[in-house]
């Protein structure tokens, strides 16, 4: 069997955020190795020794909080799937419809709270930090539930629902207004028969920087867009330094994030996957724990009997 060939980290920033891997890496990442272990006791031994832990999280973590994933057969908003709306072309063609979609998603988050998985991660970061150990979360989620749970060392590689970027001046700003603009009040209903609001572009969210007034867009990475090279540089540093990696609630099919954990595993670092099902990358990892993250993570990340807090 050929050894796994890892794409050089400098190439990661050149990859697109798509649903399929680049052709040159598709077969490399999914090579199957020995069946992973499901021994929590063995994982806990690795956890007890780890000084620099990276946790890569995906939609499965937030799904347990009731956050819509917009994936699979039921993943529709009106008659569209996320990949129909979360693109630069869709925004250029119909910014009103795209803003209705994101307004709906922002409003939904008002009633959602971090679950036991989010809380276990945040508590672990705080606890281990007092011991001089580092925990970093690299998330593909844009819902800010990790932040809400108390996670501080957080890299949101796909952006945030609660940040905007001006299409004219480029300013990125936090925005928690509800609604984000008056014209979106009461809009965004997800039912299939709902008609588009067709809001005039001048009434959509606008930049408040002096002298600008440009059209705002959600500060999220859309299909076909590159990830922020600065964030990916930070990701690369964390992946290169970690001595334990957890892959939590991610399908391992969205690139380039799907390459992160295999990159770590290839240098011999223990990687543990926590998911409700196996993924294309499962057999690349040392551990696999099947079940809801809100059930498996609290046990996995709980205080070890030999832990001491300075």
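Here the Cβ of each residue, glycine as well, is placed from N, Cα and C on the backbone.
Feature list (source: Swiss-Prot):
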type	residues	note
ACT_SITE	158	active site, proton acceptor
BINDING	58-77, 140-143, 249-251, 275-277, 293	NAD(+) binding site
BINDING	102, 105	substrate binding site
BINDING	166, 169, 207, 212	Zn(2+) binding site
DOMAIN	37-307	domain 'Deacetylase sirtuin-type'
TRANSIT	1-36	transit peptide
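A strand conformation is recorded for residue 166 (Zn(2+) binding site) in the three-state DSSP classification. Within 8 A of the CB centroid of the Zn(2+) site residues 166, 169, 207, 212, the other residues of that chain are 167, 168, 170, 171, 208, 209, 213, 214, 216. Take the Cα of residue 62 (NAD(+) binding site) and measure to each of the recorded positions 102, 158, 207: the nearest one is 158. Among the binding-site residues listed here, namely 66, 70, 169, 70 has its C-alpha nearest to that of residue 158 (active site, proton acceptor). In three-state terms derived from DSSP, residue 62 (NAD(+) binding site) belongs to a helical segment. For the pair residue 66 (NAD(+) binding site) and residue 105 (substrate binding site), the C-alpha distance works out to 12 angstrom.
Checked against residue 169 (Zn(2+) binding site) by C-alpha proximity, the binding-site residues 70, 102, 105, 140, 276 yield 102 as the nearest. The Cα atom of residue 207 (Zn(2+) binding site) lies nearest to that of 102, taking the binding-site residues 70, 102, 105, 249, 276 as the candidates.
Within the same chain, residues at least six positions away from residue 212 (Zn(2+) binding site) with a Cβ under 8 Å of its Cβ are 166, 168, 169, 171. Candidate binding-site residues: 58, 66. Fewest other C-beta atoms within 10 angstroms, 66. Between residue 102 (substrate binding site) and residue 140 (NAD(+) binding site), the C-alpha separation comes to 16 Å. Counted over every protein chain shown, other Cβ atoms within 10 Å are most numerous around 62 among the binding-site residues 62, 276.
Each of the binding-site residues 166, 169, 207 was scored by the number of other CB atoms within 10 A of its CB, and the lowest score belongs to 169. The sparsest Cβ neighbourhood within 10 Å, among the listed binding-site residues (70, 102), is found at 70.
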